[in-house]
Amino acid sequence: MRQLKMQVQRQLKRNLEQANTHFNKTFTPPTVSYAVRGVKAGVAYLQRNEIRFNPVLLAENGQSFIQQVVPHELAHALVYQQFGRVQPHGKEWKMMMEQVFGVPAETYHCFDTQNVVGKQFAYQCGCQTHLLSLRRHNAIVRDGRRYLCKQCKQILTSKDNL
């Protein structure tokens, strides 16, 4: 894992230098942590100038993660520094990804999330079975929250859970 984190730092440095050259300015490097859990590969906290990565997905996907997710999250941080508050995957972010970093502007990863997805709970509507996360299940049980099926618009009901 230590070697992967070093590779992440090298990728960040490389992309940061590309942005500095392209915009003829010195961007403030974001702080980096590995505190993302669940199915998200990474998250950028713009006002804090911080990016966080999912250590499990990094370990499982190595170079693909480094080549896709690292520039993706850095682009969010640098776009905020350069342009302020704009659409998360808007034209500025897309330009940063494609023209500055030279990588495809993909908004979602395609990594296997089998090892990071939490327990799921089966709920039924009129047309299908839905698998809800622990958070949504608890909101139903504890808070009486209701979720509707997007297709048939019926309220989801518990289905003798898995």
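Cβ atoms here come from the backbone N, Cα and C positions, even for glycine.
Listed in TrEMBL:
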ACT_SITE  Glu73  active site
BINDING   His72, His76  Zn(2+) binding site
DOMAIN    10-159  domain 'SprT-like'
*Write out the long-range same-chain contacts of Glu73 (active site), meaning residues 6 or more apart in sequence whose Cβ is under 8 Å from its Cβ.*
Gly42, Val43, Ala44, Ile51, Arg52, Phe53
_Count of other CB atoms lying within 10 Å of the CB belonging to His72 (Zn(2+) binding site)_ = 25
*Other than its own, how many Cβ atoms are within 10 Å of the Cβ belonging to His76 (Zn(2+) binding site)?*
24
*Specify the secondary structure state of His72 (Zn(2+) binding site) as given by DSSP, simplified to three classes.*
helix
